[in-house]
Amino acid sequence: MGQDKLLVITDQVAVSISAVSDAIKKLRKEDVVEVDPLIITQATSDSLTSLEFSSIDDVVSLFKTLEFPSDQLLGNISRVLKPGGAVLFHFDSQTIGEQMKNPSLEHELILAGFLDIHRESFGMKCKKPSWKIGSSFALKKTSQVLPKVQMNDDDDLIDEDSLLTEEDLKKPQLPSGDCEVGITKKACKNCSCGRAGDEEKVKLGLTMDQINNPQSACGSCGLGDAFRCSTCPYKGLPKFKLGEKIALSGNFLASDI
Amino acid sequence: MCLTEKKRENQLLILYASQTGNAMDAAERFGREAERRGCPSISVLSMDEFDPSELPNKEAVILVVSTTGQGDNPDSMKGFWRFLLQKNLTEDWLKGVNYAVFGLGDSSYQKYNFVAKKLDKRFSSLGATPIIERGLGDDQHPSGYEGALDPWMSSLWSILYQRNPRLLPNAITPDDTLMDQPKVQVIYHDTEEGLSPMTTSTDFNYLEMQLEKAHSMNPAKYSGKNRPDCFLKLTKNNLLSQVESGKDVRHFEFEAVSCAIDYDVGDILEVLPGQSPEALDAFMQRCNLNPESYITVQARDNENRGFQKPSSPVKLKSFIELTMDVASASPRRYFFEVMSFFATAEHEKERLQYFASPEGRDDLYQYNQKERRTVLEVLEDFPSVQMPFEWLVQLVPPLKTRAFSISSSNSAHPNQVHLTISLVSWTTPYKRKRTGLCSSWLAGLDPNQRVLIPAWISKGCLPPPPPSLPLILVGPGTGCAPFHGFVEERAIQSKSVTTAPVVFFFGCRNEEDDFLYRDFWLSHLQKDGVLSEEKGGGFYVAFSREQPHKVYVQHKMREQSSKIWSLLSQGAAVYVAGSANKMPADVLSALEEIVSNETGVPKEAASTWIRTLERAGKYHVEAWS
């Protein structure tokens, strides 16, 4: 297999040769002869940043800690691995019982973009997909590029957004959503596009004669807005007596006749 | 699960969560209608007056809830809702409880009636039995929420009657002719006991006392607001916009006179507006009231909430001036109903009864709500009506405070508070020109007048950012107000600690007319200023009307896509403020695009990520209409 590049990472200060060759045997299922692994000790999630992308053939992780590697570290492992490369997570014999109880191990690896995930007697094994370009990159980008947001979760409360159905979330039918197309065709309450201003300029429709000598067929026009019909020409004007000139107050938009 | 036996007392509980009073009106209406149908025991309570752990004991509960602008619960519902969301409540916790939800919302908002929808679902998932499908009132409907409420309420009564006839014995034949009693009684006194005649209304102690007394007497409408946090004196009233622009936007500066004022940037100042002396005189004349008499107002019956024994009488004129909105807010339908009982002219009585009926609802809406008819105007349109003062006290809309985002930093201006306010003006459907009560009152104030203004400080939706937090600010128009404070504050902080970058997107019509605080922003763009390039900052302006096509803040944001993404990936928080209801949605949309384009993730993933920003307290919107 030539000069396969193998990376061993561990949180320990030092790691024994036998532990490494043991792990390699499990990974490659063959005897280790000519492998010169790159070993990173006291590894943290940042330790792999100096390694080039897609430069490592296989990775062995020998962490003693109870915690599974963070998704940042997993993301980095995936980044430096060549497509098709394998990763072996060798759990510490003291803690392996506890660690294997964690049901999210597969989930974390899937999120990080790995495939072929297996639980083994010693820990976990998985592979980076062999397709180079396309959706696998997008997945990787998601976990790596969108920063994790710190949340102060209220763990003892349900998520209230889960109470809404698909139907609820759909944008409601707006009768007057579009100023041009609405049934009522009126300007919005807080119109900002200028339509409300245009509506203001519509002419009154009252002649001077009607103002000087107001008449009313129904008899109600002079009683004030409370008694006027929706089509009354005197709508908006103060009360008046029939035949007497209507007093237009200052705050009334007079017609420009 | 509660093991106590359910009390089968034929009791109806009506709970409401109201922000601006509409849900409360609706709830009180349910109460009255239930009373007319003979319900033996009715309780109408705001959600913050009720202990939710009592819910399993109730036989029938009606819930009336408003959804506020951004899809949120009203403040009075927060505790109640938190309780209901607990994971440890079992799915049979509300077994045996019959319930119905009516929501008040506005379908022009994305999160239409979300509060009612979630409440309905939560109740049923906790085992409660729905009486009827949830009702959704819509402001966009020609008659507003009452369009949905009337038919829904009819169905509600008939189903309730079928299930338990003893709960509403008169459901089939409600007694509409019986007149209700007012909830208050007014006692007249000869003098204001124990007060020296030397005090004047420019003395804030006197004003404070009057305000406190008046508020404590006014029926149930002033939870938590009896005593103002401070009294303010106007020191500056400067026009910021050009006179020819057709807009009137002003910069106001106030000084606290009664006590030291303390606030954070992003906080809200609520002021109690004055009412025009002419309007007040006209009202008192119309209602045959003696402005000089002294009164105390008490509850008529003993079991009610919020009434304290008033300390001493208050001047009638002050009571009206400080607590009753006579020339701005519109009365509700019930006002017309009560008026009809006191109309002596036959045609007026008929017309008022018509307005109060279901058939007349649409015409009432056109005449009253849409036209924004004031109490004074309504009383003048029906001159034969003489309503006793008790009814006026109960039914005239309460004078409400108006809230504004503070535009100053307290550190930069000790003992002062500044506001940036646009005069509200519009033309009614009947072509009458109207202006907003508070904005026009303030615009007309002269610093030399020495008027004292009662004010309260409260938290809004914009928490003050620590100096180390990078900021992306979007505030077109008067939305720039809180960010003016943010920048002042950060400038001061930068003198003692390293501050994180600030990027601000502003928008207005054009450079001439309404480029608010232009010199201020530009000064901070200079070398080493808070918005300067050296500090990693930025200032971008969208002039919407300087070219044939509209350019808004979201367009400017897209131009700065990589800068925005760079800040976001450093953990920046996003703050959006302003006065149009489409703007926050447009800004959100632009952000989703930016995240998606800069990272290559699909739009849905970007959208979800931004929602986690919201939940983590890194995305804030203060939108007003």
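Even glycines carry a Cβ here, placed using N, Cα and C.
Sequence annotations record features per position, and here TrEMBL assigns [2Fe-2S] cluster binding site to A:C179, A:C188, A:C191, A:C193.
Feature annotation from TrEMBL assigns domain 'Anamorsin C-terminal' to A:210-248. Across the residues of the domain 'Anamorsin C-terminal' (A:210-248), the predicted structure has a mean pLDDT of 84.
Only residues 6 or more beyond the boundaries of the motif 'Cx2C motif 1' (A:218-221), in the same chain, are considered here, and those with a CB under 8 A from a CB of the stretch are 227-229, 232-234, 240. Sequence annotations record features per position, and here TrEMBL assigns motif 'Cx2C motif 1' to A:218-221.
A:C229 ([4Fe-4S] cluster binding site) carries neither a helix nor a strand DSSP state and counts as coil. Taking Cβ-Cβ distances under 8 Å and a sequence separation of 6 or more, the neighbours of A:C229 ([4Fe-4S] cluster binding site) in its chain are A:C218, A:S220. According to TrEMBL, the [4Fe-4S] cluster binding site annotation covers A:C218, A:C221, A:C229, A:C232.
Residues 218, 220-221 of the same chain lie 6 or more positions beyond the ends of the motif 'Cx2C motif 2' (A:229-232) yet place their CB under 8 Å from a CB of it. According to TrEMBL, the motif 'Cx2C motif 2' annotation covers A:229-232.
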Residues flanking the [4Fe-4S] cluster site, with Cβ no more than 8 Å from the Cβ centroid of A:C218, A:C221, A:C229, A:C232 and excluding those residues themselves: A:S216, A:A217, A:S220, A:F227, A:R228, A:T231, A:P233, A:Y234
Secondary structure content, the motif 'Cx2C motif 1' (A:218-221) (per DSSP, counts of residues): 1 helix, 0 strand, 3 coil
Cβ contacts of A:C221 ([4Fe-4S] cluster binding site) (under 8 Å, same chain, 6 or more positions away): A:P214, A:F227, A:R228, A:C232, A:P233, A:Y234, A:F240
Cβ neighbour count (within 10 Å, all chains shown) around A:C218 ([4Fe-4S] cluster binding site): 10
Other CB atoms within 10 A, centred on A:C232 ([4Fe-4S] cluster binding site): 16
